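Got these off TrEMBL a minute ago, pasting:
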{"type": "BINDING", "residues": "Cys48, Cys51, His52, Met96", "note": "heme c 1 binding site"}
{"type": "BINDING", "residues": "Cys150, Cys153, His154, Met196", "note": "heme c 2 binding site"}
{"type": "DOMAIN", "residues": "35-119", "note": "domain 'Cytochrome c'"}
{"type": "DOMAIN", "residues": "129-219", "note": "domain 'Cytochrome c'"}
{"type": "SIGNAL", "residues": "1-24", "note": "signal peptide"}
Amino acid sequence: MQGMKLISNIAVSVALALSSQVFAETAPEPGSDKGDAAKGQQIATQVCAACHNPDGNSIIPANPSLAGQHAEYIIKQLNNFKSKDGKPAERESAIMTAMVEPLSAEDIRNLGAYYAQQTPKPGVAQDKSLAEQGEQLYRGGNLETSVPACTGCHSPNGTGLPPKYPRLAGQHSEYTLGQLRAFRTEQRANDENDVMHTITSRMTEKELRAVSEFISGLRQ
Ligand code: HEC
Ligand code: HEC
């Protein structure tokens with residue numbers, strides 16, 4: 001009897017597993033804000049792959065990797081690149097403003113779902129001693145100049161904390177350094193409450209370089 005019960009329990013769980021798979025493969029219900037990764041993949045392959053690679057692991061250091069980035073952060077950035085009613089976009093990038101122009105809110109959700117599901121390729125820091133200085137800053141901040149540790153918001157392993165705090169681990173150092181400089185000069189000013197502007201305005205150029213180098217090799 002025990003054995004029979006076990007077998008029927010297994011049968012039930014197999015049936016449940018199968019039916020949930022079927023649900024996962026059907027289109028999301030109208031009004032659902034989860035996004036359809038398969039539809040996102042079509043746009044990613046046709047439009048975005050040239051610069052971000054088909055799976056979002058960019059091989060060009062100036063272009064950010066998107067693989068494994070949180071959907072919420074990707075959606076926010078794509079909306080921030082949009083220029084509405086001729087007003088300047090909240091996040092400035094001539095390339096990306098042109099890219100997002102034809103995208104609907106649904107396309108943007110689908111792209112967020114697609115990239116969030118891709119597996120990020122781990123990176124390797126090129127300059128080990130610079131990366132070591134960067135690690136101290138990433139994990140401990142700089143008490144003298146009131147720079148907080150990055151871990152508090154971006155997590156110790158750089159995977160970030162959705163919905164607000166982006167994943168950083170393995171990102172190209174060239175891209176990260178460019179963004180940190182842009183936050184410092186407020187060329188990028190789409191960070192809520194100026195959080196990244198305040199932090200980077202307390203950092204030296206050397207510190208920006210060191211932490212960018214460390215992040216490029218940070219693994220989860
Ligand atoms: C011609 C090259 C190019 C194409 C094509 C392109 N991108 Fe980009 N993308 C960039 C560059 C360069 C940046 C960095 C902009 C900056 O410096 O702020 C960027 C930034 C981004 C970011 C911000 C990432 C972050 O970590 O903040 C997202 C999201 C993004 N792109 C998504 C897309 C999507 C989705 C598409 C297709 C619809 C696309 N991109 C097409 C070059 C491109
Ligand atoms: C108090 C929270 C907080 C702390 C501490 C913090 N960040 Fe951030 N960071 C944010 C938020 C929020 C964003 C997203 C801004 C936006 O919405 O575009 C961000 C964005 C970034 C980005 C842009 C990522 C991308 O893909 O474009 C980089 C790079 C970054 N942070 C690096 C750092 C570094 C390095 C440190 C430590 C010196 C740090 N952050 C400390 C909150 C924080």
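Cβ coordinates are placed from backbone N, Cα and C, and glycine is handled just like the others.
A description of the local structural setting of each listed feature is requested, covering burial, neighbours and distances.
When secondary structure is read from DSSP and collapsed to three states, Cys51 (heme c 1 binding site) falls in the helix class. Around the Cβ of Cys51 (heme c 1 binding site), 15 further Cβ atoms fall within 10 Å across all displayed protein chains.
Sequence-distant contacts of Cys153 (heme c 2 binding site), defined as residues of its own chain at least six apart whose C-beta falls under 8 angstroms from its C-beta, comprise Gly160, Leu161, Lys164, Tyr165, Val195.
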Only counting partners 6 or more residues apart, tell me which same-chain residues put their Cβ under 8 Å from the Cβ of His52 (heme c 1 binding site).
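Long-range Cβ contacts: Ala44, Ser58, Asn63, Pro64, Ser65, Leu66.
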Rounded to a whole number, how many Å is the Cα of Cys48 (heme c 1 binding site) away from the Cα of His154 (heme c 2 binding site)?
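Taking the Cα atoms only, Cys48 (heme c 1 binding site) lies 26 Å from His154 (heme c 2 binding site).
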Would you mind checking how many other C-beta atoms are within 10 angstroms of the C-beta on Met196 (heme c 2 binding site)?
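Excluding its own Cβ, the number within 10 Å is 20.
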List the Cα distance (Å, whole number) between Cys150 (heme c 2 binding site) and Cys51 (heme c 1 binding site).
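Computed Cα spacing between Cys150 (heme c 2 binding site) and Cys51 (heme c 1 binding site) is 28 Å.
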